[in-house]
């Protein structure tokens, strides 16, 4: 805070206050007169004895009378006299007195009149008057004109420099404040404590550490290192720049700490994610006997919220009630935030609904708390209630409610909020647009998200990451990778971008793109975060590069639960059940406690490798040793394990005795076993249960049709076709793809527009001929492709995987691994052809279908027949 000069007469000595601005002495009578008229600058005071002379008197008396009106704060009478007097004969000191009064009353119009009178009389601005004019403009909020006057005068008045620094900082123009300070040092204007406090705030806002350290050294040189206000500003500066150790060192060296010092330490640690240290500082503060204020309570409550120490938060709540802080809006808003962050939503609700008057901040805190606690419906209801009460939601309110809609998948509510945003012209704010895109992406509406993204005039890194992550999570990997390429033309990707891209690479089995992302992470020193490492391991696993995944896993110094589960699941997907079991045992030996997802992974691994006894053992360990109650996913794994092993009757009894109602995935696992072991009768019984649960799932129609076709029950196949037709269902087209030099080549069933078709077809025909010559005859699985007995071989799936395989053999040098991906399960005929080709050509073929990986090498497959 600063005190402006009230009056300045020739010969009167000014007194500079400690904060750097100027105050002038005046009598108590004058003070009372000014105080009584502050509410109305144009009030005419009853003239006292000295004011009884008529206005038409000698000029010297007019100057005196104007200055006396200024002393008592009567701006109207002073201006009347100035306007009616002979301007050329008024003294400059008189004009200065009126300018001071204009500044006191923030009367810019009157101040401009005085300035015009001075200019019209041709009076040259002197060292005493120019600062007064600049001061008037700055006090009245005309920064541009104040700066213009300031630049034309001799700039030795420190209080004007300080005022300019402060005014530019208020409007957020920190660069100009910093430039002015540097000019001030250049002109050797002696700075004071206020100068350093102000410039440190500006440097903190710009996070200019190097310049701040130079200011630190300069103020120490001038002897301001012992000023509490300056050291407090230094502590705040270092915290804002993330230099917590430098702030702590200053604190430890202080002999006389005030409440502001302690508050700065608590809030600084909290802002730097070191809330535990903030709590420690608060405890030390109490031991010193320093009296806490409202700012202390608010800061330590924020620290409690971050740490989750609700016991201390409740104690502070009780203390605040005794101290009378509970009537303060800031305190109540922070208290609501503390309770919601600590998981006590009922405590927060109690405070919120007992508030005498709710504000937009308290409503927003409550909405955010509901969203965080998974009570999105209550958050949405409160948002509507807030509008009905006439509380206008701000940017923070709408971003919080959009987050609640996103968590709840409430697309319609989200669209309603979007309409409110449009109506109130809030959609130009980047954070609001980002929240909208996130809401639409999490609600599965990527078209709406893209519409917002395309219309944004300015996109930040969060905008790009939200879209890329949205595409990735909504199973649109091609779009994610395309947008990632476009982003690289505009912005440099950060660690979040790359972790959003990696799942898309994994989904497409785009190994080359995944390696590029890995290289980028290594070049930028970002490949050491556990989350990133786990995403990389997962990408290599799903791209079929299990050796690279294991190599990266082995090099990871700190392996968490996710790291181990990714490797266990990876081994299982690739058919290496024994290796998955060994990894699971090592995980437990390392002290990592398995969760329910861990057991799903190991049970899948046992199922894919036909390890029946081992699977049962892990199922028992999960229930008995780890006290994890099995869920549908675990039961589905066990049914799949039994069914694949040929224990169909046991699997059926297992399903019937399940303590929870089986879903389609459980029955589907049994139906797959019926196909493998050709049990048509049981398959029909199982299929009826499935169709009751998921009557429109085409996958199960195809599966039962395959079972009928293999048993040559063509009449049943026809009935299924009619049933499918009545329901209007369609099978997803089969497609396979292969990545060559970073480009994906896609082969779709029924589409002959693939590259080099004649060469590919000739090569496939040649393989088929040689296989038949060696005694191989195709296993005809017609499923839904024929309605009567089939006299000739007709492909069930288009054999897209064998076309991709042929194209890979033609494109790669001998011995290079051929990696193929298919959107459906591999055709058994293509499976046999891949085994044959791997032996004849001598190349390893890695095929990923919708169920698992198949490694074909030297005529055998890693699945060992467990398709």
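Just so you know, glycine gets a Cβ as well, placed from its N, Cα and C.
Just so you know, TrEMBL annotations never went through curation; they're auto-generated.
The annotation region 'Disordered' is assigned in TrEMBL to 1-20 (among others).
According to TrEMBL, the feature compositional bias 'Polar residues' maps to 11-20 (among others).
TrEMBL lists 26-47 (among others) with the feature compositional bias 'Polar residues'.
The feature region 'Disordered' is assigned by TrEMBL to 26-52 (among others).
Annotation comment: TrEMBL describes 157-191 (among others) as repeat 'PPR'.
Remote same-chain residues near the repeat 'PPR' (258-292) are listed as 228, 231-232, 235-236, 238-240, 242, 244, 247-248, 251, 299-300, 302-307, 309, 312 (criterion: CB distance under 8 Å, separation of at least six residues from the stretch ends). Per TrEMBL, the feature repeat 'PPR' maps to 258-292 (among others).
Panel annotation: around the repeat 'PPR' (359-393), residues 329, 332-333, 336-337, 339-341, 343, 345, 348-349, 352, 400-401, 403-405, 407-408, 410, 413, 417, 420, 424 of the same chain, lying at least six beyond its termini, place a Cβ under 8 Å from a Cβ of the stretch. Per TrEMBL, the feature repeat 'PPR' maps to 359-393 (among others).
The repeat 'PPR' annotation in TrEMBL covers 429-459 (among others). Using a Cβ-Cβ cut-off under 8 Å and counting only residues 6 or more beyond its ends in the same chain, the repeat 'PPR' (429-459) has close neighbours at 395, 398-399, 402-403, 405-407, 409-411, 414, 417-418, 421, 466-467, 469-471, 473-474, 476, 479, 490-491.
Residues or ranges marked as repeat 'PPR' by TrEMBL: 460-490 (among others). Only residues 6 or more beyond the boundaries of the repeat 'PPR' (460-490), in the same chain, are considered here, and those with a CB under 8 A from a CB of the stretch are 430-431, 433-434, 437-438, 440-442, 444, 446, 449-450, 453, 496-497, 500-501, 503-505, 507-508, 510, 513.
Under the heading repeat 'PPR', TrEMBL lists 560-594 (among others). Residue counts for the repeat 'PPR' (560-594) under DSSP, helix first, then strand, then coil, are 26 helix, 0 strand, 9 coil.
The domain 'DYW' annotation in TrEMBL covers 775-866.
Secondary structure of the repeat 'PPR' (460-490), assigned with DSSP and counted as helix (H, G, I), strand (E, B) and coil, comes to 24 helix, 0 strand, 7 coil.
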